[in-house]
Amino acid sequence: MFALAMRSVRHRPGRFLATLLSAFLGAAITMAFNSLHDTAARPGVDGVSRETLSLVAGVVGGYGTLLVFFAVASTLTVTVRQRAAEIELLRRSGATPGQTGRMVVGEAAAVALAGTVLAALPGMLGGRLLLRLFKDTGQVADSVAYSFGPVALVAGAGTTVLAATGAALLAVRRATRRRGGPRGRARTRLAYAALAVGGAGACSTFAFPSDAEALMAPAASGAILLSIGFALLAPRLLAGLLGRTRPRGASGWLAVRTLPRRADEVSGVLIPLIVFAGTAMATLYMQAVENDAVAASGAVKTVEAKNLETINLVVVGIVVAFSCVMLINSLYAATVHRRREFGRQRLAGATPGQVLGAVGVEGLLMTVTGVLLGTVAGLAGLLPYTFVRTDSLRPGQGPAIWLGVVTVAALATLGTGAVTARRVLRTPAVEAVAAAV
Amino acid sequence: MFRRSAARSGTSRTNGREPAGEALRLVGVGRTYGSDESAVTALDGVTLGLARGTFTAVMGPSGSGKSTLLQCAAGLDRPDRGIVMVDGTELSGNGEAALTRWRRERIGFVFQQYNLLPTLTVEQNTVLPLKLAGRRVDRRRTRETLAAVGLGDRLGHLPDQLSGGQRQRVAIARALVTEPRVVFADEPTGALDTRSAREVLELLRDAVRVHGRTVVMVTHDPVAASYADQVVFLADGRLAGTLHAPSVEAVAERLVHLGDEAAHEAHEAHRRDVRGGGPRTGV
């Protein structure tokens with residue numbers, strides 16, 4: 001079965017691209033941040049430098065790794081589900097669920113490993129760049145030499161491979177189980193677990209002293225977990241709301257009637273969307289609060305302090321950019337897979353414009369849901385942090401960051417959907433419905 | 001009694017004028033795929049007229065152009081040459097949107113693979129063409145149509161919860177609900193067991209006999225073809241004869257000899273073209 005897995009990866013490289021991309025980016029980011037641990041552990045590094053490096057690697061590397069884990073897992077879930085037809089074919093050809101499972105999980109592991117290997121060099125360069133930033137801003141002594149060692153490697157490979165194989169295992173187990181069984185119970189449990197742990201994480205911020213350097217870690221991780229919990233519950237929430245609406249126009253009707261029954265795919269897109277919105281809001285606002293707090297503490301805004309702001313924003317920006325790329329990646333994979341569905345709509349009398357219109361309405365609904373729930377998750381992380389850091393619940397920040405995040409989320413969701421759907425629609429409808437899955 | 005003037009089809013002597021009462025008219029329709037050396041002529045000047053209220057089966061060996069004929073006649077594909085008219089209106093307009101609008105006013109489809117939307121219920125699937133065309137949805141009529149195909153108690157089911165035969169009956173209800181001028185069925189029984197196939201064929205025949213619809217069905221199954229009023233044979237992209245009031249045996253026998261007839265037909269067509277100096281591209 002592993003041989004079959006290798007063969008299927010080799011012959012259909014295109015279908016593994018989405019997975020490979022997420023594994024590659026995820027591993028690169030994880031390794032870049034975690035290599036700072038390796039660097040800090042080198043002999044001869046002075047205490048201040050070591051502390052700075054460990055802090056960044058621990059805090060940002062920590063929630064960054066969490067984010068990577070779920071991003072890779074969610075991409076894997078989307079791509080494995082899309083292979084339901086192939087899995088069914090294998091089943092009919094006499095493959096036991098165990099064999100099919102080994103094949104899919106084997107593929108996932110192979111792709112994740114390939115992504116990690118490819119990411120080693122960029123991860124190393126990224127880590128080196130981060131270290132340079134710290135040196136340039138005077139937070140790490142110039143004498144510290146960069147090191148890429150076991151922590152980076154284990155964290156990078158471990159996170160991606162574990163996330164990929166774990167998600168593949170769960171997804172393929174669902175696919176090989178016969179239909180009709182109780183559905184979604186595990187998902188609900190997972191959602192509540194994520195919400196509980198995330199909520200606890202965000203609240204645990206209160207247990208920290210206001211000047212704890214790792215204060216951001218529980219709040220950011222909490223926001224990420226809450227986002228994931230919301231994303232798992234969102235499709236059902238959305239279905240309940242949409243069931244009551246009576247939209248006018250064919251595209252709206254089609255979108256509103258279709259979306260609730262695509263719960264699995266929708267949550268595959270909502271996970272990165274809500275996580276992006278939640279993480280971006282939480283981390284960017286926290287950084288802004290932190291910057292203000294430092295400024296308010298009486299310290300004159302030196303060049304050094306400004307540099308510190310910049311570097312923190314860069315670090316947070318990397319994580320936010322990653323979650324945005326994941327959003328685009330998942331949405332692209334999910335939309336490409338709708339070729340046949342679009343073909344059927346067209347054969348039933350939908351013009352390309354109507355199909356695109358329906359995709360647009362779906363995108364809009366997902367954006368609104370994602371931004372709303374992302375905001376809730378982000379606030380849940382941000383408010384405790386703000387309270388502990390500044391003794392006030394009002395972050396004292398304008399809506400600029402929020403508006404920026406919303407704009408990026410809307411552009412990414414609507415733009416990716418429209419561009420991908422337009423490309424998919426280039427195939428004539430008759431071919432689209434006949435195409436092999 | 002449902003055959004009327006359909007007897008003219010296949011003779012290709014009419015020269016494009018559209019006799020009254022024709023639901024579908026093709027004049028010199030040709031379609032070539034690919035270009036230059038690798039070009040394949042799938043349809044080679046097919047001229048055909050089908051009267052309203054008739055049930056026609058189109059038969060021929062694989063690669064004879066059946067599917068291309070259906071796609072060109074139904075406005076799913078644009079022919080390279082020739083004219084397609086449905087109910088006296090010529091297929092016109094460029095681009096998919098224009099073709100779609102032309103189609104949804106006139107054509108209903110039934111496909112081998114049903115092509116129902118898996119995310120919509122039986123009732124929603126049935127009214128989908130009306131919704132897309134911006135037409136009013138008459139719930140009572142929709143339910144009557146679904147009841148007529150034996151699915152009155154399955155309105156809220158999803159296609160996944162239905163058998164193949166039931167899905168195809170939803171597809172038939174969906175094709176009929178817009179009251180199209182012509183219903184095109186592409187191997188509608190190809191994926192069904194014999195009993196479901198019989199039910200589907202009887203529904204198509206009733207659509208013609210009871211409701212006066214015009215049905216064109218591509219099939220390779222002589223049993224399915226025997227439900228039609230007439231069978232039009234196709235070979236190498238050309239018409240190869242017609243059979244009225246077909247019996248299963250007659251259809252099967254005709255199919256066996258189709259090769260010879262195709263050769264003969266090609267010869268005849270060639271002579272006609274040489275004599276008439278008609279336009280002849282491709283090949």
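Any Cβ shown, glycine's included, is placed from N, Cα and C.
Record features (TrEMBL):
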{"type": "DOMAIN", "residues": "A:64-177", "note": "domain 'ABC3 transporter permease C-terminal'"}
{"type": "DOMAIN", "residues": "A:314-428", "note": "domain 'ABC3 transporter permease C-terminal'"}
{"type": "TRANSMEM", "residues": "A:56-80", "note": "transmembrane segment"}
{"type": "TRANSMEM", "residues": "A:101-125", "note": "transmembrane segment"}
{"type": "TRANSMEM", "residues": "A:145-170", "note": "transmembrane segment"}
{"type": "TRANSMEM", "residues": "A:190-209", "note": "transmembrane segment"}
{"type": "TRANSMEM", "residues": "A:215-238", "note": "transmembrane segment"}
{"type": "TRANSMEM", "residues": "A:266-286", "note": "transmembrane segment"}
{"type": "TRANSMEM", "residues": "A:311-334", "note": "transmembrane segment"}
{"type": "TRANSMEM", "residues": "A:355-380", "note": "transmembrane segment"}
{"type": "TRANSMEM", "residues": "A:400-419", "note": "transmembrane segment"}
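Long-range contacts of the transmembrane segment (A:355-380) within the same chain, counting only residues at least 6 positions beyond its ends with a Cβ under 8 Å from a Cβ of the stretch, are 198-199, 202, 222-224, 226-227, 230-231, 234, 237-238, 242, 247, 249-252, 254-256, 258-259, 266, 269-270, 273-282, 285, 335, 342, 345-346, 402, 405-406, 409-410, 413-414, 417-418, 421-422, 425.
In this chain, the transmembrane segment (A:56-80) lies in contact with the transmembrane segment (A:266-286); the count of Cβ pairs under 8 Å, excluding pairs fewer than 6 apart in sequence, is at least 3. On the 0 to 100 pLDDT scale, the domain 'ABC3 transporter permease C-terminal' (A:64-177) averages 88 in the predicted structure. Of the Cβ pairs linking the transmembrane segment (A:215-238) with the transmembrane segment (A:145-170) and spaced 6 or more residues apart, fewer than 3 are under 8 Å, so the two regions do not touch. Residue counts for the domain 'ABC3 transporter permease C-terminal' (A:64-177) under DSSP, split into helix (H, G, I), strand (E, B) and coil, are 94 helix, 0 strand, 20 coil. Residue counts for the domain 'ABC3 transporter permease C-terminal' (A:314-428) by DSSP state, with H, G and I taken as helix and E and B as strand, are 96 helix, 0 strand, 19 coil. Taking Cβ pairs closer than 8 Å, the transmembrane segment (A:311-334) reaches residues 18, 21-22, 25-26, 29, 32, 56, 60, 63-64, 67-68, 71, 74-75, 78-79, 82, 130, 133-134, 137, 139, 265, 268-269, 271-273, 275-276, 279-280, 283-284, 287, 290-291, 408-409, 412-413, 416-417, 420 in its own chain, all 6 or more past its ends.
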